[in-house]
Structures are given as C-alpha cells and as structure tokens.
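Chemist: One structure follows; several queries about it will come next.
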Amino acid sequence: MQDTYQPAQIEAAIQQQWANEERFKAVVNPQKEKFYCLSMFPYPSGKLHMGHVRNYTIGDVISRYQRMLGKNVLQPMGWDAFGMPAENAAMKNQVAPAQWTYQNIAEMKKQLQSLGFAIDWSREITTCRPDYYRWEQWLFTRLYQKGVIYRKLGAVNWDPVDQTVLANEQVIDGRGWRSGAIVEKREIPMYYFRITDYAEELLNDLEQLDGWPERVKMMQRNWIGKSRGMTIRFPIEPESQKGLSAENAQFLQIYTTRPDTIFGVTFLAVAAEHPLALAAAEDNPALRQFMTECKTGSVAEADLATMPKKGMATGRFVTHPLTGKRLPVWVGNYVLSGYGDAAVMGVPAHDERDFHFAHQYGLPIVQVIQTEKDLPAFNADSWQEWYGDKEEMHVIASDDCNGLNYDQAFEKLSEKLAALNLGEPKTQYRLRDWGISRQRYWGCPIPIIHHDDGEALADTLPVVLPEDKIPDGGGSVLAQSPDYYECRFQGKAARRETDTMDTFVESSWYQFRYMSPHYQKGMLDPEEVAYWQDVDQYIGGIEHAILHLLYARFFTKLLRDEGLVHTDEPFKKLLTQGMVLAGTWYREQEHGSKIWFNPADVQVKTDDKGRIIGGVLLSDGKPVQYGGMEKMSKSKNNGVDPQALIKTYGADTARLYTMFTAPPEASLEWSESGVEGAYRFLRRLWAYCYEFRHSIAKPSEVVPLNEKHQNIRREIHEQLRAARFDYERNQFNTVVSAGMKLFNCLNEIEPDYDALRREGVRILLLILSPIVPHITETLWQALDFSGVISDQALPEVDETALKQDNMTLVVQINGKRRGEISVATDAAQQNIIDCALADERFAPYLAGLTVQKTIYVPKKLVNIVAK
C-alpha cells in the first residue's frame, strides 16, 4: 500500500480487476431476487459531459447498493445511435454517419469505463446495428398486419430550396435552418402507430406508478389530455354547399369542451385544409392566396401557439343549431388540420384567442356566462381571466339554460342537441396517433415495398441501411439511391420505402432488449424476460417526461399484447436527476451579442462573504461580466470536461463530488473548491487507513470499551443507521455526510482500541463503497478484510451499541431552559422529576416560588411550572 493517494494508478488497477473477473456480469438466477437498474442511454456525441457523469453515477450508486442487499443486479449500457445529429456531423465533416457514430461510441465507452461503473458490458447494444433494428422491423410487420400501424397523409415542414423535409427544431423563425427559405407545410404519406387506441390505458395506468414523481405523471396526463365535451353539428346553408361532396355538404362539425357557451358563438373557423375552405377558395383568389400563406411556417404546436392569429372570411355560412342564427365561417391560421374536426366554434366573450380574433376582424362579442365571484363586470373591450372560467359561474342569455352552472348546462344541452340529432357528448384526447415516418437517412429502414398494386411488407429482414452514404442536405439520401430503393416484388419492378423510423422507436423498447441482446431466435428471450420482467429503477432527465417515457410505456403494452413481455409498465420507479449548473461569464459586443468564456479562463473576484462581484479574463486581464449560474452548455461555454477532472483528481473524486453536493433530484451548482474538498477527504481517508495498517503488526487484544469509546461506537452505528436509511431514499448527499461524521469518530479513537478502529473502518468503507468504489476496494484489500468489497453485504446496525445507560434531559423552569440532568435511560417518570427538583443548580431559579406542576416530555425535557 502506497503512503499517498494515487487515484489514476489504483483506479486503473481496480477496473482491470473487475474486467478480468467479469465482476458485474448479470446471469439469470431464480434463487436470487433481481434488481434491474437502468439509466437512459446516451446519444454517442463522442464526449461525455457532467450531466452524463451525474446521471450514470446515480444509477451506479443505486446498483451497487442493491448488490450489497444481496440482489442479482442488472445494470446495462448501450447507445441511442440513430438520429439527425449524426447526419449534420456527416455533412460538416464529409464522413459517413456510420463511421462518425462508431468512432464516437468507442471514445465514449472508454470515458464511461474510466468512471468505474458496475456495468455488464456483455449486454451492450447499439441501435444503429442491424442485429438490433431487425427486431424493430419484425415488430413493425406484425403490427402493420394487425392494423396497429397504418399509412395516411401527414403534415410536415418542407424546405422548397433544399427540397427536403425539416424537423421542427430545424425551422427557425419560419425559415429553413440551412437555406433560409420560408418553410411550407406539406402533406405526404406517413406511417402511424395507433397510440390513441391505448390512450385510456396509458392514462389510467399512471395510477399504478407510485414510484414516479407526481410532476412527471401530471405532464403525461396533460399530454394525453382527456377531455369531456360535446360534438356539435352546425347545418351548412344550402347556398354554402357548393363544391362540397355529399358527405361534407350537410354539416360543419366541431368538438368543444365548453358547450355551455354555445349561445355565445358568433363565427366558426376552419383549417386551410378543411373541405369547406377548399370549396370556398375555388372561386375566391384572395382566399386561395391566404390559404397558401397558412401553409407556410412550422407545423410544431409550440410555434402555432405563439404565431400571430390571422383569418379570412370564406363567404360561406352555417346555421346555429339552437337559435337558427346565420353564422359566418372563417379560415383561421391557428386551426390545426390534423386535430379533431379541423374546425372550431368562435366564442369571443369567453375564449381569449377568439376575443382578440373578434376584435381584430370586427366580429360580434356576446356574453353568455356570468361570474358568481366579486369581480369586475364583463367589458367587451377588455379581456379578464374570469371570462374563460367555468367554476362558480352560471349561464345567461341562453334561453332555458339561464341560471344553470356548467354541469347542469352540459346535461341540458346534451338533451336538446340529441333531440335535434345535432350533437352528443364525447370524450376526446389531446393525444394523437404517433407518426413515425422520417424523411431522413440515418434511421431504421421501414420494411415496406411499394408496387403497382399497392404496398407489401418486405419478405426478408433485416432491411439493412447502407452505411456508406454521406448526406448533402439536399433531400433524402435513400430516395436518391437507386441501389437501395430499387427492388422486385413478385417478379416485377418495385420501390423500397425510403423513409426511416422516428428514433424514439429505438428507445421505446431497448430496456427489454438488454435482457437478451444476443438472442437470435426472436425479439426477446422468454426465459430472460420472465426473470428480469421490468426495470426496477429508471434514471433520466425531466426533459424526457413526455415523449420518450410515454412511448416506452406504449411499446410495453404493444409487446405485452404480442405475448413478448408480461408487464403493463416498463419502469417501476423513476428518478429524474437535476441539472448541473455552472457560472457563466461574458463580454457584450457592440451589436448586442455576447461572447461567452469558460469559467476556467476567468479569475473570479469575491467580497468578504464569498459572493461573486466580478472577474477578469486570465488571457488579457480585462473585466468580464458574471451571468449567474446556468445549466452547463456549449452555447454558454460553461461546461467542465469530465476527462480533465478525472485526470486531475480521479473518478472517485468526480463521483463523490456529484453525489455529495446536492440530492439527486436537485440542481447541482458546480464549485471547483467543492471538487478540491472531495479530493481532500479521499486523501485523508487514504492517509488514515495507511497509518492504521502500519500501526498494527498483529491483531491486538480486544480492550473493553470505556464510556468514551462506548459513545464513539454508538455514534458509528448511528451513522450507519442514517446511511442505510438515506440509501433507501436515494439521498446520497446525506449518505456521504454520515460517512464523514463516522470518519471524524475514527479520529477520536485512542490507540489501544484497535478492534473498534477496525470495526469503524470496515463500516465506513462499506458505506462509501457504492459512491467511491475504487478507493474503498483498494483499501479493503490492503487492510486484509475478507473477499472483495463489491461482493460484501451492507453491514447491519448493532442495536445493542445504540442502547444508552443514561440519557440527558433539558430542564426548563417556566418554559426557560436552565440546564440539563443525566438520568438512567429506564428511570421512572417520577424519579426523573424528583431528580430535577432536587438538583441544587436549579434552586436559585425556584427561590420564593411554589411549584405548581411539572411536565415531562419523554427522553427530551422536564418543565417545572412555579409561581
């Protein structure tokens, strides 16, 4: 054992030992309880960031702790390797995405391994390899045959210059990110999953997920968006039916969650793609031009919500189903063609969007809801929040519905509209079917062949993606590659589908493929699936709360219905780790933009309380402005390189710092002094163990503990109990605190009590081993403890050590603390009170007073009330 802590040397040696022994290889063992711990797998960008380090350290600590509880732990790792960033990098570097991706994977794997994670690398998966995505294609064929996957027209962002489809994030201010051209909305054939068929189950099963943060469950509830409303049909006037097909000519149908406001409808709005709008535009050039404008811009809902609302009258009219009034139909750029009926009723008095739209175009505003709260009266010139409420409201100006609240009006209107066959109650979901077609190269090929008579499933799987293409940004690479798409079907020329699947598909089922990554007889090995079942603990960022987690839940139900898994939900518990923050520094340019500098390049100035008051750039000595703590990012240039950190301090310091500085769910504010503090603690631990090892030539006699050392042993086991409790709660910062307190206890043990020192060191190393596995494994072996530390059980608390012969109680007189007394732990209440009254130290406070009563709070205090 070296006399100084050399992290690089010991970490390399321990990692090699683990690898040689396949220490963390997971094998099915029906005799042991399983624990499957999974952190969201990374995109292989080529470089780890501190968010990765924190995420995977949390998962590793949980995995190692569960291993100490005697469970058979599976902690795998893989690569979410398809996606647009690889295509962008390929264009920039003129290299095939496959080459770029595989190089990055090799580099990132080394970085992950340098952190000492207890990963079973034999189960590594890479989603861009055919041995993974072939089973995705196989499942596609099954679901396509059953109608769970279908094809229809879907709206996309189209760049008319680059002649390519753009993802929502590639549309910036309505323009293509590369060409700068105004983006158009286009409809093209796409493949969809019928996720809406599972909407109710996805919603209801959230109640089973007791181990998920309530915030995440609420986000999913809102995304699924179950609503109780009503379908209402507005008869189209005869002269407005021109150009409409028979099925579209009779009614304009809408869905609303506020049927109680139906008497306030003053117009209807339809999407530019609605049949009525298309018919009206046939002989209306101005309307046709406006509808063309509506088809420009992003199809992303977030963009649609913030864009200016515009409209144009169609010249067509419908009849109000209850009043018979004539209502104009407008085309509105805010109405979504792919959602509901692509038509909405306009109630300006009680919908903020409709209110501003009506003011913009001079449409009537009719109040039909009155508040029962003490609020300002309705004013058609100024929007107030209560106009849109439905709680503590009643209906007015609505015939025989007057005076009714929302629920009463809903029932009344249901009856009235049903009697006229013009409406009925309906439950609707915000969730829409999942369009998986992507007009991109670097993704899983869709196994479809198009031929003269329609389309068919590919008869040979996998349909292998060529890995030698280099995209140029000018449209789909596969659509420009005859060597890929040209094929034959039943002896005739045919064309292979050139769209690829949404990369969320790969990450929706990877948790199950880890169970049998090399299985060739099917998508999943039944024996492995029966044992591992589901993920016991999942770890990842809150940014994945909706799409990834919802799609993974959906896929689990699909796989269950195919008989491939036997669980309804993929992840029993979910931990969403907080962000890693760091200080930001910048200089503002003349034109208003900012140049950001890395904190490592800044000399920070602080006041006498340690607060930042400024800084200067080390390279030129000139001032830079402090921008506060923000999430580490490339854009703010405030990242910390994990590899540089590991090189300087070691992986255990990085792990200790990230676990100690903040609870897992909270944001972590980066501090160089904090990193140095973690490193100092490990050096002190090493030095203590070195001194201990060399101070004992042979096992010493067990010396009976005096009162001081009984108290030290009690404190050791108190901290062990605290650490065990906090491990169960994933509060690793307080686990480290308990370890540090325990370490302080060790320093109080006198030389003659080596048996107690050895017990304390053993407990300390075991407590810290999930967090700092390299140093604890090394010290464990150096101190000749049996076996290896990663195979040890978590130590049990010795309850006898926690028992105290005496306890200390506070003594109060008339509620004021006057001192303490020491009494036997098992003393009777009256004896305790008598002891307090007899103590001469309290006599001056009772002089001239008569004791009225005494109050005893068990194990805490005695209060003497005297007058």
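Every residue gets a Cβ built from N, Cα and C, even glycine.
According to Swiss-Prot, the protein has these features:
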MOTIF     42-52  motif ''HIGH' region'
MOTIF     631-635  motif ''KMSKS' region'
BINDING   Lys634  ATP binding site
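Are these features on the surface or tucked inside, and what touches them?
Modeler: Within the chain, the motif ''HIGH' region' (42-52) has long-range Cβ neighbours (under 8 A, six or more residues past its boundaries) at 79-81, 83, 85, 101, 103-105, 107-108, 111-112, 541, 579-580, 632, 639-640, 642-643, 658, 670.
Same-chain residues lying 6 or more positions outside the motif ''KMSKS' region' (631-635) and placing a CB less than 8 Å from one of its CB atoms are 49-51, 579-582, 596, 670.
A C-beta separation below 8 Å, combined with a sequence spacing of at least six in one chain, links Lys634 (ATP binding site) to none of the other residues.
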Chemist: Mind looking up the mean pLDDT for the motif ''KMSKS' region' (631-635) in the predicted model?
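Modeler: Here the predicted model's pLDDT, averaged over the motif ''KMSKS' region' (631-635), is 91.
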Chemist: Under a three-state reduction of DSSP output, how is Lys634 (ATP binding site) classified: helix, strand, or coil?
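Modeler: In three-state terms, Lys634 (ATP binding site) counts as coil.
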